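**Student:** Quick one: the structure is below, and I'll ask about it shortly.
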Amino acid sequence: MASILLSYRYFLFGAFIVCNAIICSVAAWNFSLARYTGIDLHVDVFLILLGVSGVVFLLPIIFVDLFRKNALYTKVWFECTWVAVFWVLELAGASAVTAIIPPELCVPDSDAIAVNACTSTRVLLAFTWLITVLLVIYLVALLVSAISHQEDDSMVWHAHVRFFPWFQIRSSLNSAPPSPTRDWHRPFALAAPQPKRVVNHAELQLSSEDIEGAQEISGPAPSICHRSSSFVPSTRA
């Protein structure tokens, strides 16, 4: 799941730059065609500014994300903020193109300018809605991931999006402990039980009266006197 989130993140970065570059150029083309036909559409100006700001904003973030780990632009809370802001702007632009431009330009006419204006309008519709959908998918996925990890790590909002262990903390907590293993190359050693002598403790216990009676019968132990080994016999005259 973590690899899918990070892969979609880089896919979104590339799609964001490409879509905004196309939106900017096509909106400029559509604006020139609209001015030639005498129609003044302010939504084209909004889309031009939105496309330029999107490309200029995201390119430095990509370079900072590749070469720095603790930069402000790579935090989870900052990425959620700018994705949400651009999603609202892209949604507003796509809704404006859908509501305003088609009735003005896409009318059945044989004029080549009107045909080109209708083509540019359809291109704007396609890419504005495409980037809007891609942004909301990533925004929801990032918010759900951050909220689900907040109980395990309260600093998830200040962590780096690329280096945070997404969905690895819960997988390690929910995993079962490993089963004990043994060495199959060495068989178990079975030791035969050794017989032990049963000791009757009742026979070993002697009462104090038996001990005193035995001492009176035996009496005091005789003392052994050692005589000198040298014996001098007496001589008689």
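Every residue number used here counts from 1 along the chain in the order it is shown.
Glycine is no exception: its Cβ is also placed from the backbone N, Cα and C atoms.
Predicted automatically and left uncurated, TrEMBL annotations should be read as such.
I grabbed these lines from TrEMBL:
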- 12-33: transmembrane segment (TRANSMEM)
- 45-64: transmembrane segment (TRANSMEM)
- 76-101: transmembrane segment (TRANSMEM)
- 121-147: transmembrane segment (TRANSMEM)
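Please go over these features one by one and say how buried each is and what sits next to it.
**Tutor:** Remote same-chain residues near the transmembrane segment (76-101) are listed as 16, 23, 30, 41, 43, 46-47, 50, 54, 57, 61, 121, 124-125, 128-129, 131-132, 135-136, 138-139, 142-143, 146, 156-161, 164 (criterion: CB distance under 8 Å, separation of at least six residues from the stretch ends).
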**Student:** Give the nonlocal contacts of the transmembrane segment (12-33) in its own chain as ranges (CB under 8 Å, at least six residues past its ends).
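**Tutor:** For the transmembrane segment (12-33), the far contacts come to 41, 44-45, 47-48, 50-52, 54-55, 58-59, 62, 86, 93, 101, 105, 113, 116-117, 120-121, 123-124, 127-128, 130-131, 134-135, 138.
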